[in-house]
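**Q** What Swiss-Prot records for ARG9, TYR10, ALA11, PRO12, SER13, GLU45, TYR185, ARG203 is L-glutamate binding site, and it gives sequence analysis as the kind of evidence. Summarising the annotation, Swiss-Prot assigns Zn(2+) binding site to CYS97, CYS99, TYR118, CYS122. Summarising the annotation, Swiss-Prot assigns ATP binding site to LYS244 and lists sequence analysis as the type of evidence. Positions annotated as motif ''HIGH' region' by Swiss-Prot: 12-22. Annotation comment: Swiss-Prot describes 241-245 as motif ''KMSKS' region'.
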Amino acid sequence: MGTFQGAGRYAPSPSGDLHFGNVRTAVLAWLFARHTGRRFLIRVEDVDTQRSSLESAARQLEDLHALGMDWDAAPTYQHNNFDRYEQALRNLPHYECYCSRKDIQEASRAPHTIPGQYPGTCRNLTEVQREERRQALAKQGRVPALRLRADVPTWHVRDYYAGDVLGDVDDMILRRGGQQPDWAYNLAVVVDDAADGIDQVVRGNDLLTSAPRQAYLAHLLGVPAPTYVHVPLVLNAAGQRLAKRDGAVTMREMPDILPRVAESLGLSARTLPGMLEEFDPDRFSQQPWIFAIHKEV
């Protein structure tokens, strides 16, 4: 193992108990950090205040501790970092967006638009047009969203497993509008990773398409992008992403969860220290793990 002194992290969203897929990703994040001589940190991603709860966060931290997982500083919480995001926003080119979700969906059906990307409806409005839309929202008790004014269509990142990745960059949301403005995930995660010294991000490969956007934000903010490691998801028998509706899949419902995580990683050890001794990231399978509810270890 190396002696590099960067940091990896696990950053759960506290909206419920950790399930098998969450625990597997947490273990992989810990293994990668320790294998490369990095510190390991926990950040509670409760930037979405309406879906997060301190009770869920406490239960998740208890579960990670019960696995034998350790971290090198007290867990941090995004709800304490809003001043950071406000400061970052001041350093980013942005504009107000008055579109509803329905507006964006309808605009995205127009010819020559890229599915899933914001079509730029509010990007070049005149100040008179902006004031009209601002007042219309105010009558509804809402405020505009804030979007990045991106000056490139794509951005390049390198992932440990996927290699070179060129991904789309659009005018992404930085702060959501509505009755209660919320900071957007892409901005929050980039700002927090930089502030916390995170230089290794291990997470599910469903987030691979977010990496170019986040790396571009890091570039605009003048901070280094982390090394990305996107790992396969855990799927149910139907080939869909594992969810709580699939049955007894949470850690608290599975007393044998760590041995099963080890099995899914091709490791024979049944403790985290033992798994670390065996772990070789270059031998880790890149195929999704199919979770069998009643499978015996």
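Note: Cβ is positioned from N, Cα and C throughout, glycine not excepted.
Looking at the shown structure, what environment does each listed feature sit in?
**A** DSSP assigns TYR185 (L-glutamate binding site) to a helical segment in the three-state reduction. Cβ environment of TYR185 (L-glutamate binding site): GLU45, VAL47, ASP48 lie under 8 Å away, each six or more residues apart in the same chain.
According to DSSP, CYS122 (Zn(2+) binding site) sits in a coil region rather than a helix or strand.
In the motif ''HIGH' region' (12-22), helix, strand and coil residues by DSSP number 3 helix, 1 strand, 7 coil.
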**Q** Which is it, of CYS97, CYS122: the one of these binding-site residues whose Cβ has the most other Cβ atoms within 10 Å?
**A** CYS97
**Q** Around the recorded Zn(2+) site, report the further residues of that chain (criterion: Cβ within 8 Å of the mean position of the Cβ atoms of CYS97, CYS99, TYR118, CYS122; site residues excluded), sequence-ordered.
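**A** Residues close to the Zn(2+) site, other than CYS97, CYS99, TYR118, CYS122: TYR98, ASP103, ILE104, PRO119, GLY120, THR121, ARG123, ALA145, ARG147, ASP171.
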**Q** Near ALA11 (L-glutamate binding site), how many other Cβ atoms are within 10 Å of its Cβ?
**A** 23
**Q** Using a 10 angstroms cut-off on Cβ to Cβ distances, just flag whichever of ARG9, ARG203 is the loneliest among these binding-site residues.
**A** ARG203
**Q** By a simple count, how many Cβ atoms lie within 10 Å of the Cβ of TYR10 (L-glutamate binding site), its own Cβ left out?
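**A** I count 27 other Cβ atoms within 10 Å of it.
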